[in-house]
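Colleague: Before I ask anything, here is the structure I am working with.
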């Protein structure tokens, strides 16, 4: 089997990466595996801690890369020791393992509170649209069609503004 | 800027809804800056940068118009006693007071608004008001937050809300809390049971100085546990309702005491007043317990002519750091006990 990265040398290392809960498997040669190490924040203790009892085939070593934050380098294991995350990006890079924890302690994983004006981006507009839709529904039920038309126009206006900004994230 | 540590904080005023039982209401918002590690991973240069950014933000016209003048004080420039006074007034946490590195506190003149910089999160904005005024505190904190956000880039995620160093604060970053004086629930042995039951409705109960501290002087702090998945208004409404319910329960217990053990109750209050106005040596713990009895007497109109504000002030003034600061010198624990007794005697008898 050839290395999946360089497609030249024979693969001798099996790398399993779990990032944001998504498992990807790579078969690499020694050189490419070493190349990727700094990026993967490789360390011997973590390597040993993450070893799988898994034999993909003769002559192939198995290695699991511990998840870590690409911005500050914090691993989930480090977080477990201190209870503190390293930076805002940890929520993204460690999401796979943080998500169940957050759901357990918070009972939910979806923010429903305040949306800041600048950092909130389109979310503020989308929340407004949701609110207006509920209002529209109510007005239609009450047969207040004139007011409903006004609300509908406002919704269209807001939806267009989202469209102009590239559909929103 | 120098700190005017002698003045009284807004929360000590002792007037407002449910003031017979609810001492104060607090709103705390945890906020972090985008693209920076959280304080536990910051180096001193990054810490200084955060302080500089916050310092700039509070000096802008927008912030001034929203909440008035705010002043920033690097903790490095405060003596250990001065830092401790800020803890005793509930303006900063013990963690911030003891922490190493570059940390700062931002204060409004009436101390109703404060910001801890580089505590567990980059910013911990707090609004502290007397009695049950959670909604008012939220309005002020929200206004300050909006004004600061127009100057600072907050770390915010569309799904997770405000991103915080600890996932227990993520979402709204909001911790709402009230401080309640519940002596009758303690005397009638109902406190434990009721307070345990509260944890089942998402309310945490703590002692006077927050996490891990005891309920000295029958004072309990209740706060929301959940910060994600509910709006700020829902969290505040829930905590307000719980606080009102607790206050009602305490009032019922007080009436029960008045009916069933009137003489014991009046004796207890009278003895506490007698001790506070005559003792020559008082530890802070004993003083807090006696002040709780006197407060109960004042609130139940067994004792007359004592202002509730004075009791709130005494709660702070009997604390070790405040006592030493007022005396202008360091004291041994024994000296403090003597000094404390003299100060309490003078203020209560006066």
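Going from the start of the chain as shown, residues are counted 1 onward.
Including glycine, each Cβ sits where the backbone N, Cα and C put it.
No curator has checked TrEMBL annotations; they are predicted automatically.
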Colleague: Which stretch, out of B:239-266, B:267-294, B:295-322, B:323-350, is listed as coiled coil by TrEMBL?
Modeller: B:239-266
Colleague: Can you check how the pLDDT averages out over the coiled coil (B:239-266)?
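Modeller: Across the coiled coil (B:239-266), the average pLDDT comes out at 96.
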Colleague: Here the binding-site residues are B:24, B:177; which one has the lowest number of other Cβ atoms no more than 10 Å from its Cβ?
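Modeller: It is B:177 that, of the binding-site residues B:24, B:177, has the fewest other Cβ atoms within 10 Å.
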Colleague: For residue B:124 (ATP binding site), which residues in the same chain are close in space, meaning a Cβ under 8 Å from its Cβ, but six or more apart along the sequence?
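Modeller: Residues satisfying the criterion: B:28, B:29, B:30, B:31, B:93, B:115, B:116.
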Colleague: Cβ-Cβ under 8 Å from residue B:27 (ATP binding site), same chain, 6 or more residues apart: which ones?
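Modeller: Result: B:126, B:127, B:134, B:137, B:138, B:140, B:141, B:174, B:175, B:176, B:236.
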